[in-house]
Amino acid sequence: MSRFLICSFALVLLYPAGIDMYLVGLPRIAADLNASEAQLHIAFSVYLAGMAAAMLFAGKVADRSGRKPVAIPGAALFIIASVFCSLAETSALFLAGRFLQGLGAGCCYVVAFAILRDTLDDRRRAKVLSLLNGITCIIPVLAPVLGHLIMLNFPWQSLFWTMAIMGVAVLMLSLFILKETRPAAPAASDKPRENSESLLNRFFLSRVVITTLSVSVILTFVNTSPVLLMEIMGFERGEYATIMALTAGVSMTVSFSTPFALGIFKPRTLMITSQVLFLAAGITLAVSPSHAVSLFGITLICAGFSVGFGVAMSQALGPFSLRAGVASSTLGIAQVCGSSLWIWLAAVVGIGAWNMLIGILIACSIVSLLLIMFVAPGRPVAAHEEIHHHA
C-alpha cells in the first residue's frame, strides 16, 4: 500500500512545484527574455490552461489503458518541457514550454487521484487526501525558498533543471515502483454497474460544485493576498512572506489533524464545519475593525479549506470505481476553469480585492451548506469491495 501512497503524493506534487518554484526568478527571466514581468505573469494562466487541456483526455485514457500509461508520458513531458523552458530565448518559447509543463503535470495529477480511488476505501481515502492537502500546502512555502537558494549561486535556468530532476524522480517511481491499479475490464454482468457510474449523478455534481467553490476561495486568497496584505493593510514584503508562511502552517496543522478528526466525527460534520469557517471568515473580513481581526479571518480561510477539501474530494470520487480517471479529470477541469473564471470575471467587472474575497467566501459557504444538507449520497458503491487489478 505504501508504494501507491508514495507514487500518488509524488505525482500530485509536480503541479504546485511547477507553479511556485519559478516565481522567485521571474525578474531575471523577464530581463533575459526582453519581456516585462507583467507579460510573463501570464505564464501562471498558461500553465493552468495546459493542466486543463490534459485533463480533457487524461482521465479517459487512464480508465481505458491504465494509470501507468498516463503517468509515465505525463512525467516525461514535464521533464522535456522543463528543459525546454530553461533553453527558451524568447517569451513565446518560454510560454510554450510552460503550457507543455502544465500538460505533463495535469496528466500526473489526474492519475494520482484515480490511484487513490482504486486502492483506498472511503474513510481511508478521506484521511489520505487530507494528508495530501497538508503536504501540498508546504510547497508554496518551500518552493520559493529553494528557488532563492538555487539562484544565489546559479542562473534562473537552474530552477527548471531542478523541476526536470523532480520529473525524473516521478518518472522513475512510475516506471519501477508504481503497479497498475486500474480495475480489470468489467465482465458482461458488470456492464450495468459501469453504465450507472454517470457524471450526471446529483451527488457527484454537488461535490464538484463544493470543491470548485472551495478552490475558488483559496486561489482568490492567494491571488489577492499581495494587494490585501501589502497595499491595503500596509505590511512590508518581509512581513507579507511571514504571514503567508504562517497561513501555510495553519493549513498544514489542520490538514494533518483532519485524519484524526475523521476517527471521531462523520465526514459530513467536517464538511459543514469547513463551510461554517468560510462563512465566519467572510463575515469577519467584512466587519473587521483592525488588522489583527482581519488576519484572524484569513486563518479561518486556511483552516476551512484544509478541514473540508480532502473529505469533499473523497466523497466525489466515491461513486466511481470503473471511471475514476474521468471523474478525477472532471473535478480538476471544474476546479481550474471555475476558479480562473471567477477571478477573471471579478477583475473585468472591477470588484476590488477585498470584496472579491468576501464575496466568494459567502457565496461558497451558502451554496455548499445547502448542497451538503439537501443532496444525500446514493447507494454505496460496491466497487471497492473486490477490485481485480492488472498486474
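Note that Cβ sites are derived from N, Cα and C of the backbone, with glycine treated the same way.
Here Swiss-Prot flags 4-24 (among others) as transmembrane segment, drawing on sequence analysis.
Per DSSP, the secondary structure of the topological domain 'Periplasmic' (25-41) breaks down as 12 helix, 0 strand, 5 coil. The topological domain 'Periplasmic' annotation in Swiss-Prot covers 25-41 (among others), and the record cites sequence analysis as its basis.
Feature annotation from Swiss-Prot assigns transmembrane segment to 42-62 (among others). Within its own chain, the transmembrane segment (42-62) is flanked in space by residues 15, 18-19, 22, 69-70, 74, 94-95, 98-107, 109-111, 114, 182, 324-330, 332-333, 336-337, 340, which lie at least six positions past its ends and keep a Cβ under 8 Å from the stretch.
Beyond the topological domain 'Cytoplasmic' (63-68), the same-chain residues lying 6 or more positions past its ends with a Cβ under 8 Å from any Cβ of the stretch are 111, 114-115, 118, 174, 178, 180-182, 322-326, 390. Annotation source Swiss-Prot lists topological domain 'Cytoplasmic' at 63-68 (among others), citing sequence analysis.
Residues or ranges marked as transmembrane segment in Swiss-Prot: 69-89 (among others).
Taken from Swiss-Prot, the feature transmembrane segment applies to 93-113 (among others).
Positions annotated as topological domain 'Cytoplasmic' by Swiss-Prot, on the basis of sequence analysis: 114-133 (among others). Beyond its flanks by at least six residues, the topological domain 'Cytoplasmic' (114-133) meets 1, 4-5, 7-9, 11-12, 59, 62-63, 67, 178, 181-183, 251, 255-256, 258-259, 262, 267, 306, 309-311, 313-315, 317-318, 320-321, 324-325, 327-328, 384, 387, 389 of its own chain at Cβ-Cβ distances under 8 Å.
Annotation source Swiss-Prot lists transmembrane segment at 134-154 (among others), citing sequence analysis.
Summarising the annotation, Swiss-Prot assigns transmembrane segment to 158-178 (among others). Among residues of the same chain six or more beyond the transmembrane segment (158-178), those with a C-beta under 8 A of the stretch's C-beta atoms are 3-4, 6-7, 10-11, 13-14, 17-18, 21-22, 24-25, 67-68, 71-72, 75-76, 78-79, 82-83, 85-86, 101, 104, 108, 115, 146-147, 150-151.
According to Swiss-Prot, the feature topological domain 'Cytoplasmic' maps to 179-202 (among others).
The transmembrane segment annotation in Swiss-Prot covers 203-222 (among others).
Same-chain neighbours of the topological domain 'Periplasmic' (223-244): 140-141, 291, 294-295, 298, 343, 353-354, 356-357, counting only residues six or more beyond its ends whose CB sits under 8 Å from a CB of the stretch. The topological domain 'Periplasmic' annotation in Swiss-Prot covers 223-244 (among others), and the record cites sequence analysis as its basis.
Only residues 6 or more beyond the boundaries of the transmembrane segment (245-265), in the same chain, are considered here, and those with a CB under 8 A from a CB of the stretch are 123, 126-128, 130-131, 133-135, 137-138, 140-141, 298-299, 301-303, 305-307, 310-311. Summarising the annotation, Swiss-Prot assigns transmembrane segment to 245-265 (among others).
Look at Swiss-Prot and you will find 269-289 (among others) tagged as transmembrane segment. Only residues 6 or more beyond the boundaries of the transmembrane segment (269-289), in the same chain, are considered here, and those with a CB under 8 A from a CB of the stretch are 210, 214, 217, 258, 261-262, 296-298, 300-301, 303-305, 307-309, 311-312, 315, 354, 357-358, 361-362, 364-366, 368-369, 372-373.
Marked as transmembrane segment by Swiss-Prot on the basis of sequence analysis: 293-313 (among others).
Under the heading topological domain 'Cytoplasmic', Swiss-Prot lists 314-330 (among others).
Counting residues 6+ beyond its ends, the transmembrane segment (331-351) has Cβ neighbours under 8 Å at 45, 48, 51-52, 55-56, 106, 109-110, 113, 207-208, 211-213, 215-216, 219-220, 223, 313, 316-317, 359-360 in the same chain. Mean model confidence of the topological domain 'Cytoplasmic' (114-133) amounts to 91 (pLDDT, 0 to 100 scale). Secondary structure of the topological domain 'Cytoplasmic' (314-330), assigned with DSSP and counted as helix (H, G, I), strand (E, B) and coil, comes to 11 helix, 0 strand, 6 coil. When Cβ-Cβ distances under 8 Å to the transmembrane segment (4-24) are tallied for each of 93-113, 134-154, 203-222, 356-376, the top count falls to 134-154.
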